[in-house]
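Going by TrEMBL, these are the annotated features:
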- B:4-261: domain 'Heme-copper oxidase subunit III family profile' (DOMAIN)
- B:7-29: transmembrane segment (TRANSMEM)
- B:41-58: transmembrane segment (TRANSMEM)
- B:78-99: transmembrane segment (TRANSMEM)
- B:127-152: transmembrane segment (TRANSMEM)
- B:159-177: transmembrane segment (TRANSMEM)
- B:197-220: transmembrane segment (TRANSMEM)
- B:240-259: transmembrane segment (TRANSMEM)
């Protein structure tokens with residue numbers, strides 16, 4: 001559902017059937033991981049990457065994203081990018 | 001005096017239960033002292049006390065059963081049933097470790113990057129020492145059964161030989177396990193992988209130590225001719241315990257070592 | 001306030017409406033059971049006779065074992081229905097991330113530019129505010145829209161609760177819990193932390209300001 005009011009687009013991460021539970025931790029992590037993988041293969045400007053970036057930004061706590069970005073910079077991120 | 005019209009042996013007054021209870025309580029408190037103040041004198045003293053009380057208590061039980069002959073067949077049935085319940089409770093202890101392991105390995109948490117085993121964990125080859133350990137434990141289970149067979153056949157010499165063999169095999173197992181722990185490239189604190197692995201195998205190792213002590217005491221009692229071919233319940237319970245440890249190891253080997261790789 | 005102490009707060013979301021209906025339905029059944037049992041007990045206590053057919057009476061045994069499950073089914077069906085309805089998330093237009101801290105709540109609206117703020121309890125007794133349940137930075141949320149709430153914590157377990165919206169969801173460190181929020185009308189909705197989280201557990205209230213979408217957009221633009 002996308003609403004546009006006064007030039008502000010109201011759009012958020014959609015419901016994802018992979019994560020039907022109350023616990024959405026993995027939705028956050030998976031979209032962050034997908035964004036990193038997409039960025040590595042297609043570059044940041046690619047449309048699909050922007051989608052993942054938006055989803056991870058909507059779902060993940062900012063503190064977690066900051067932490068993971070630091071981990072990636074310091075080359076100690078536990079996931080497979 | 002109460003008229004004795006039931007088959008059960010009424011115990012004499014004994015100081016051990018209350019002393020054991022107090023010392024166990026003290027041990028808990030002194031473990032908190034270790035955790036908070038790194039002060040381990042209390043804990044060591046209490047461990048010493050608990051071991052002494054255990055020895056004296058079991059000495060009393062041996063006197064009651066072997067020397068006074070108070071353990072008739074009703075009591076033996078009771079003891080066997082208690083041992084079964086005890087082993088079932090031990091099984092549930094290990095079920096919790098397996099549950100923990102499966103929970104964390106089938107759906108790894110995001111802190112591990114959804115990977116199992118986690119990145120940079122070099123797990124050892126399950127077909128080397130662990131497989132040898134499996135063979136050793138299975139063999140020791142076999143020898144303990146042979147001991148039972150020769151005990152039933154009233155053959156003292158062979159009984160003691162196979163009992164010695166069982167104990168040697170169990171010590172061999174423990175030494176190999178220690179060697180493997182020393183060689184391991186990951187530690188207890190290396191994520192949930194290390195924690196669950198050392199927790200489960202460590203507890204198994206502890207049970208092997210307990211089982212070995214149990215078998216050693218039985219060997220001693222065998223050499224002192226405490227057992228007959230109809231009344232050797234202590235040995236039987238030790239053998240059950242040993243089989244139980246063996247089965248736990250098989251499951252440990254299958255999940256923690258083999259499937260994990 | 002007096003009546004609200006005795007019963008639920010007025011509902012402000014469809015779910016809370018349904019929950020109140022369910023509560024009334026259950027209470028109705030309980031009163032039915034209670035009155036039947038009380039009647040039977042009094043009847044038995046005041047009875048001088050002895051029933052010679054009471055033992056091995058298969059019919060009465062059958063009745064008193066089958067009726068309770070049937071009654072329970074009538075309670076369980078709407079209960080389970082509501083339970084699964086509460087977990088449902090329906091095309092949200094907005095995601096709000098809520099974090100419990102010792103002892104305040106912080107909010108993140110990151111669908112647009114990053115809006116982050118912390119809301120502490122108002123400690124100003126001179127003003128005419130509700131004692132202990134008003135906050136300095138209210139959570140602004142548009143009404144008549146489905147909103148996704150993601151609740152987590154930074155330290156210990158807290159619980160984010162708004163009774164009038166039928167929301168009570170634990171804030172657990174390292175985990176994001178999701179719940180849908182839909183408000184019927186504008187207003188101020190209050191709640192308090194519902195998981196004992198330390199010394200100031202009672203002093204980390206939640207206050208939602210429900211406003212219409214245009215005002216909400218205005219707020220976002222001028223944050």
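A Cβ is built for glycine as well, from the same backbone N, Cα and C atoms used for every other residue.
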Handout entry: For the transmembrane segment (B:41-58), sequence-distant contacts whose Cβ falls under 8 Å of one of its Cβ atoms, 6 or more beyond its ends
Key = 14, 16, 19-20, 23-24, 26-27, 29-31, 33-34, 217
Exercise for the section: Report, as numbers and ranges, which residues of the same chain sit near the transmembrane segment (B:127-152): CB under 8 Å and 6 or more residues beyond its ends. Expected result: 158-159, 162-163, 165-166, 169-170, 172-173, 176-177, 179-180, 215, 222, 227, 229, 232, 235-236, 238-239, 242-243, 245-246, 249-250, 253, 257-258
Practice task
Mind looking up the mean pLDDT for the domain 'Heme-copper oxidase subunit III family profile' (B:4-261) in the predicted model?
Solution key: 92
